[in-house]
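Visitor: Please read through the structure below; I'll follow up with questions.
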């Protein structure tokens with residue numbers, strides 16, 4: 001029995017180390033003690049975790065039209081892809097909400113025992129047409145963790161390269177290591193076409209960066225409890241792992257699939273066979289990514305099991321000149337607006353003439369880089385003036401013309417006194 005008179009014999013909390021005189025209550029267990037303060041702290045932690053788990057079930061899920069309208073504000077064109085993504089994402093999170101509400105939602109009807117399967121998304125289209133940006137914008141609207149991974153860095157377990165579990169680590173990091181939050185996030189895997197198997201027939205030799213990666217991705221796409229090394233890299237038996245359930249993680253996989261249009265055309269009978277054989281009646285414009293079928297993806301090099309785990313297939317199309325011009329100026333965070341804000345921080349108004357926007361769009365089309373190349377062209381055009389302006393306080397505005405874009409000249413710099421004279425004349 002502990003003696004109460006001597007400080008050395010006072011009972012202490014096994015967790016915080018406070019003695020029984022420093023706390024209101026000390027509860028004894030088999031060889032351990034816990035004080036009332038530590039019990040309160042434990043209750044707070046448990047309540048916070050339970051609140052986080054229920055968080056998604058309580059938030060108001062935007063309807064497909066609301067998601068579509070939000071995408072319209074930031075992404076130019078690609079209406080079919082935006083519609084498909086809006087519906088797929090809405091159905092995915094509606095499914096999670098139904099699961100979190102459980103039997104209360106079912107209300108005793110005959111659908112009680114129906115379990116809704118997950119619908120991951122395959123996004124097909126040429127580079128620079130907004131595939132990644134669509135996924136990023138979706139995640140921002142839903143306020144869920146979002147991670148981007150590159151399929152080309154992945155290899156089968158045991159070979160040099162990244163394991164597929166490292167993709168999940170990126171999502172956990174995006175959720176600030178809150179696993180419950182990460183389990184309801186979105187993972188975007190780019191360059192998925194680069195892990196197609198090297199030949200249409202199964203190979204005898206190992207294809208560690210192609211078919212092997214597809215096989216490794218199957219389980220996490222479908223839904224499994226994966227063990228993720230907290231520091232990334234390869235697994236080894238003596239390290240601790242983070243356990244994450246991917247059942248409610250939405251996977252959006254995307255790729256350019258160069259050569260897929262030829263496969264689609266061959267299937268549809270567009271191409272003739274043999275020397276001098278006539279071509280089919282369909283023109284090249286009539287068939288494209290939008291006509292893709294699962295059998296085309298199989299011929300391209302995706303394995304049947306992988307295609308089966310991507311039930312929603314949607315496509316984006318090439319961006320034409322008007323679309324590129326719209327991307328430059330119309331969205332909420334359009335490139336022109338971004339650079340105008342940057343110049344405004346130096347007290348300068350940046351002005352683009354209409355023909356300058358046309359010239360920038362034409363250069364992007366010539367380079368074949370799509371929307372992704374617009375920023376690079378803008379940087380090239382504005383670099384000289386961005387170098388000079390911070391050192392000059394006499395400049396009120398900079399005007400970019402088509403000649404500046406095409407020939408590499410410097411934008412026209414208009415001093416403050418010239419602007420003041422123009423205002424006085426107009427007054």
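Going from the start of the chain as shown, residues are counted 1 onward.
For all residues, glycine too, the Cβ spot is worked out from N, Cα and C.
Okay, these came from Swiss-Prot:
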type	residues	note
DOMAIN	1-54	domain 'ClpX-type ZB'
BINDING	13, 16, 35, 38	Zn(2+) binding site
BINDING	126, 127, 128, 129, 130, 131, 132, 133	ATP binding site
Visitor: What's the CA to CA span in angstrom from residue 16 (Zn(2+) binding site) over to residue 132 (ATP binding site)?
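Guide: The Cα atom of residue 16 (Zn(2+) binding site) is 48 Å away from the Cα atom of residue 132 (ATP binding site).
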Visitor: Taking the Cβ of residue 35 (Zn(2+) binding site) as reference, which residues of that chain separated by at least 6 in sequence fall under 8 Å from it?
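Guide: Residues satisfying the criterion: 13, 15, 16, 18, 20, 23, 24, 25, 26, 27.
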Visitor: Have a look around residue 38 (Zn(2+) binding site) and count the other CB atoms within 10 A of its CB, chains all included.
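Guide: Total other Cβ atoms inside 10 Å, all chains included: 18.
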Visitor: According to DSSP, which kind of secondary structure is residue 38 (Zn(2+) binding site) found in, if we only use helix, strand and coil?
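Guide: The residue in question, residue 38 (Zn(2+) binding site), is helix (DSSP, three-state).
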Visitor: Once 126, 127, 128, 129, 130, 131, 132, 133 are set aside, which residues in the chain still have Cβ within 8 Å of the Cβ centroid of the ATP site?
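Guide: Near the ATP site, beyond 126, 127, 128, 129, 130, 131, 132, 133, sit 125, 316, 370, 371, 372.
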Visitor: Between residue 130 (ATP binding site) and residue 38 (Zn(2+) binding site), what C-alpha distance do you get in Å?
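Guide: About 51 Å separates the two Cα atoms.
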Visitor: To the nearest Å, how far is the Cα of residue 131 (ATP binding site) from the Cα of residue 38 (Zn(2+) binding site)?
Guide: 49
Visitor: Have a look at the binding-site residues (13, 16, 129) and report the one with the fewest Cβ neighbours inside 10 Å.
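Guide: Comparing Cβ neighbour counts within 10 Å for the binding-site residues 13, 16, 129 gives 16.
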Visitor: Sort residue 127 (ATP binding site) into helix, strand or coil using the DSSP assignment.
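Guide: Going by the DSSP assignment, residue 127 (ATP binding site) belongs to neither helix nor strand, so it counts as coil.
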Visitor: For the binding-site residues 126, 128, 130, work out the Cβ neighbour count at 10 Å and name the residue with the minimum.
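Guide: If we count Cβ atoms within 10 Å for the binding-site residues 126, 128, 130, the smallest count is at 126.
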Visitor: Enumerate the residues of the same chain, 13, 16, 35, 38 excluded, that satisfy the criterion Cβ within 8 A of the mean position of the Cβ atoms of the recorded Zn(2+) site; list them in sequence order.
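Guide: Apart from 13, 16, 35, 38, the close residues are 14, 15, 17, 18, 23, 26, 33, 34, 36, 37, 39.
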Visitor: In this structure, which of the binding-site residues 131, 133 has the fewest other Cβ atoms within 10 Å of its Cβ?
Guide: 133
Visitor: Specify the secondary structure state of residue 132 (ATP binding site) as given by DSSP, simplified to three classes.
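Guide: Where residue 132 (ATP binding site) sits, the three-state DSSP reduction gives helix.
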Visitor: Counting across all protein chains shown, how many other Cβ atoms sit within 10 Å of the Cβ of residue 132 (ATP binding site)?
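Guide: Residue 132 (ATP binding site): 17 neighbouring Cβ atoms within 10 Å.
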Visitor: How many Å lie between the Cα of residue 129 (ATP binding site) and the Cα of residue 38 (Zn(2+) binding site)?
Guide: 55
